[in-house]
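Enquirer: Can you keep this structure in mind? I'll have questions shortly.
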């Protein structure tokens with residue numbers, strides 16, 4: 001009785017698990033048949049024997065843009081590079097009804113893949129944690145889908161004329177390294193060729209969707225297929241408004257305070273003028289240290305130069321009225337004494353009597369008052385001219401760099 005029940009249990013288990021075992025064996029047998037070295041050579045392109053090019057469809061999925069470096073003129077990003085092509089040698093429609101075969105990492109080396117590379121790449125690496133981040137699926141009709149995760153640092157030649165109100169177009173080029181157009185042709189996917197994940201960048205945002213083009217590179221010996229896409233980036237000006245423009249505006253306004261300080265307060269006015277000049281100079285040096293040494297004038301250079309000109313002019317204004325006041329003071333004293341001596345020869349020998357000295361002081365004081373009024377009048381004019389000039393400069397600067405120049 002016990003043996004009969006044991007035999008029945010074995011029969012039931014065999015019936016239940018036989019399909020699963022069959023499926024596993026079937027997939028293994030299909031892969032062994034397709035990738036058998038006697039019928040499949042991964043070193044040869046799919047249509048090489050037919051003397052025609054293999055069409056490879058590409059899609060680029062941008063996961064993140066980690067940094068954009070103005071000094072090195074490059075950008076770093078993480079992407080999925082997805083490639084699709086048809087390899088007739090890998091058809092298995094007549095062997096099974098499986099929709100696709102998913103290959104293990106160790107088997108991918110046995111399948112032909114395009115020799116794709118990025119011509120404007122400075123540095124790149126594969127992701128291998130915890131296993132190499134690659135995926136390869138084979139469909140029933142021989143269509144191969146190959147996806148790989150990459151971190152890239154790409155060259156981006158930037159135009160910094162309008163910095164920091166600039167717009168940058170950073171290209172990404174994809175090309176075959178060894179196969180010419182006779183063997184491999186690249187094409188963008190018809191829909192969503194370049195996809196961008198929810199990418200957040202601290203200094204930039206996408207001005208518009210990436211644009212794609214198809215190209216070819218011709219050398220002396222051959223022509224190679226290539227694809228390109230442009231990332232259209234707009235710099236966020238918020239950081240520069242808070243860290244550069246608003247502080248420099250306040251420093252320029254601070255330099256105008258000297259116009260309300262009395263002419264005789266020499267230490268106060270000189271200290272204020274020198275302090276504002278040094279502050280603007282230090283700020284300009286900090287900005288230049290984060291930018292490449294280009295030979296053309298940038299928008300930020302224009303701004304810093306004009307702000308420095310305003311604070312330096314405020315310092316020169318006081319230097320001018322101070323020198324003029326002192327010179328006229330000495331000239332007035334000398335002219336008054338000479339006039340008195342000429343009208344009374346006895347002054348030369350016996351000096352001025354007390355009453356006459358009082359008259360001299362009054363005369364000199366009157367002339368000093370005239371020159372003091374002139375200095376105050378210059379200060380009053382500066383109180384109006386400097387702010388109006390700075391307002392006119394701001395209107396011109398922002399209209400030109402924010403609207404006119406960026407939309408030429």
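Using the three backbone atoms N, Cα and C, a Cβ is placed for every residue, glycine included.
Keep in mind it's a predicted model, so treat the numbers as computed, not measured.
Per TrEMBL, the features are:
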| type | residues | note |
| --- | --- | --- |
| DOMAIN | 28-236 | domain 'Neurotransmitter-gated ion-channel ligand-binding' |
| DOMAIN | 245-333 | domain 'Neurotransmitter-gated ion-channel transmembrane' |
| SIGNAL | 1-23 | signal peptide |
| TRANSMEM | 237-259 | transmembrane segment |
| TRANSMEM | 266-282 | transmembrane segment |
| TRANSMEM | 302-321 | transmembrane segment |
| TRANSMEM | 381-403 | transmembrane segment |
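Quick one: where do these features end up spatially?
Expert: Confidence in the domain 'Neurotransmitter-gated ion-channel ligand-binding' (28-236), given as mean pLDDT, stands at 91.
As a summary of secondary structure, the domain 'Neurotransmitter-gated ion-channel transmembrane' (245-333) carries 74 helix, 0 strand, 15 coil according to DSSP.
For the transmembrane segment (266-282), the residues of the chain that approach it from at least six positions outside its boundaries are 248, 251-252, 254-255, 257-258, 304, 307-308, 311-312, 314-315, 318, 322, judged by C-beta separation under 8 angstroms.
Proximity of distant same-chain residues to the transmembrane segment (302-321), defined by a Cβ-Cβ separation under 8 Å and at least 6 residues beyond the stretch ends, is recorded for 244-245, 248-249, 251-252, 255-256, 258-259, 263, 269-270, 273-274, 276-277, 280-281, 283-284, 287, 374-375, 378-379, 382, 386, 389-390, 393, 397.
When Cβ-Cβ distances below 8 Å are used as the criterion, the transmembrane segment (381-403) is approached by residues 162, 165, 252, 256, 259-260, 299, 302-303, 306, 310, 313-314, 317 of the same chain, each at least six residues removed from its ends.
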